[in-house]
Amino acid sequence: MLIFWTITLFLLGAAKGKEVCYEDLGCFSDTEPWGGTAIRPLKILPWSPEKIGTRFLLYTNENPNNFQILLLSDPSTIEASNFQMDRKTRFIIHGFIDKGDESWVTDMCKKLFEVEEVNCICVDWKKGSQATYTQAANNVRVVGAQVAQMLDILLTEYSYPPSKVHLIGHSLGAHVAGEAGSKTPGLSRITGLDPVEASFESTPEEVRLDPSDADFVDVIHTDAAPLIPFLGFGTNQQMGHLDFFPNGGESMPGCKKNALSQIVDLDGIWAGTRDFVACNHLRSYKYYLESILNPDGFAAYPCTSYKSFESDKCFPCPDQGCPQMGHYADKFAGRTSEEQQKFFLNTGEASNFARWRYGVSITLSGRTATGQIKVALFGNKGNTHQYSIFRGILKPGSTHSYEFDAKLDVGTIEKVKFLWNNNVINPTLPKVGATKITVQKGEEKTVYNFCSEDTVREDTLLTLTPC
C-alpha cells in the first residue's frame, strides 16, 4: 500500500504543470493546451521578456531609414517619437530564426511609405526566435503579450484605438499576432503570412491564429505541404476569414526543394540554408511586398480546391467580386459574412509576381488539321505574348476554351491575334482560322467578342477585330 501511494503521489507531481509570471504580461503555464498534448508533447515555458529582448522599432514617412525605439517601460518614448496619432499603424512581426531590424521587415515599411502615410513598427524578437524551434514556439506567447501591452499603452495613454492597427506576422510571427489579437478587443486586422504548422496546426484557437483574433483576418499559405515528408513549414489549416492559396499553397513557381534537406532536424534547418530550403515559406511575405504597389494584380478566386481552379471551374469572379491577396485584401472585408473561405490564384516565378487572369473561347473555321492554337491579347495598356489555348485535332466549328494568367493588365481589349501550327510538314497546306474569339477578364463581367472570316496557313498571324 505504501508503494502504491508513493507511485500515485509521484505521478500527480509529474502531472502538475509549472507556471511563470511576468509583471504586466500575466502568467504562462506549460499545461494543456500549451504542453503535454499530442501536438505539443514537451512542456516548455516561454523565456522571460528580458531574455527574449523584444524591441519595437518605429519607422515613419519622416524617418524611413532610421528607426526610433519605443519602450514598454517608458511610454514617453512614443510621444517623443515621430508616431502620428492621425495615421494607421502597421506592426510587422518576423518569424523563426529571423530579425526585425533589417531585411524584408524594413523593406516592407519602405514599400508602405510609397503608398500611404503610416506608423510602421517592426517587432524585433530575434533573440527569442533564434532558439530551438520548440522554445521559439513557446516564446510566441510572451512576444504576443508584449505587442498587446504596447497596444494597451497606445489606447490608455494616448487614446489611440486598436481599430487603427494592423498586425502583419510571418511564420511564427503570425501566431504572435494572433496571441496579441486575442488580448486586444477591437483590433482591426491581422495578416498571417504562411503561419507555421508545427506546434500550432489543429490546436485550440487560444494557441494559434484564428478569425476571432481581429475584426478581419487574412492568411496567405505558400508552404502548406505536410511537414513530414515534404518539409512544408506552413499550415494547410484555414485560420482566417479569407485564406489565400497562391499556386495551390504548397509549391511556389521558382522554388525547388533539395531532397537531402528533408533529413535535417527542424531546430537547425535554417542555419546557412534558410533562403534555399525555405523558399516556399518566404514567398508569402514577398507576395505581400509586391502587392503593396500592385492594387489589382493578385485577384483571388473562390474555389473548393486548386484542382478545380486549374480546371477552369472557378472563373470568372462571382457577383460579390474577388478579393486581392495581400495588402488590399481588407477592401473585401464586409462583403461576405463567412469565415474560412478558400481563394486561389497563380503568380509569376520570380519578382513581378502579379498576374491577371483571362478566359478565352475560340470557335475554329477552315480545314481540319492537327496542331495547336494560340492567341495574344492587345489592349489600350499593352499586349500579352502568345498563349497556347488548345492542342489536338482542329476541326471547323469546334470551340475550345482556356484560362491563362497574363503578366500585365492589357486594359480595354481592342483586338486579338490568332496563330496555329503543328511543326509537321503538311503538303496540302491547310488553312485554319477563328470565326469568333470571346475574351473575359476574370474580375469583370464584360465579355469581348472578336470575329474574322479569314483563314491562314500555319505560323501566320490572323488579326480578329471587335464584332
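Here the Cβ of each residue, glycine as well, is placed from N, Cα and C on the backbone.
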Member of C322, C467 annotated by Swiss-Prot as disulfide partner of C451: C467
Mean per-residue pLDDT computed across the domain 'PLAT' (356-467): 94
Residues near C314 (disulfide bond) in space but at least six apart in sequence (CB under 8 A): Y301, P302, C303, S308, F344
Other CB atoms, at most 10 A from the CB of C21 (disulfide bond): 9
Candidates C21, C120, S171, D194, C322, C467 (recorded positions) with Cα within 10 Å of H281 (active site, charge relay system): S171, D194
E205, R208, D210, D213 excluded, remaining Cβ within 8 Å of their centroid (Ca(2+)): G178, S182, E206, V207, L209, P211, S212, M239
Cβ-based isolation winner (fewest other Cβ atoms within 10 Å) among the recorded positions D194, E205, D210, D213: E205
Assigned conformation of D213 (Ca(2+) binding site) - DSSP reduced to three states: helix
Disulfide-bonded residues compared (C27, C303, C317, C451, C467) - the one with the fewest other Cβ atoms within 10 Å: C27
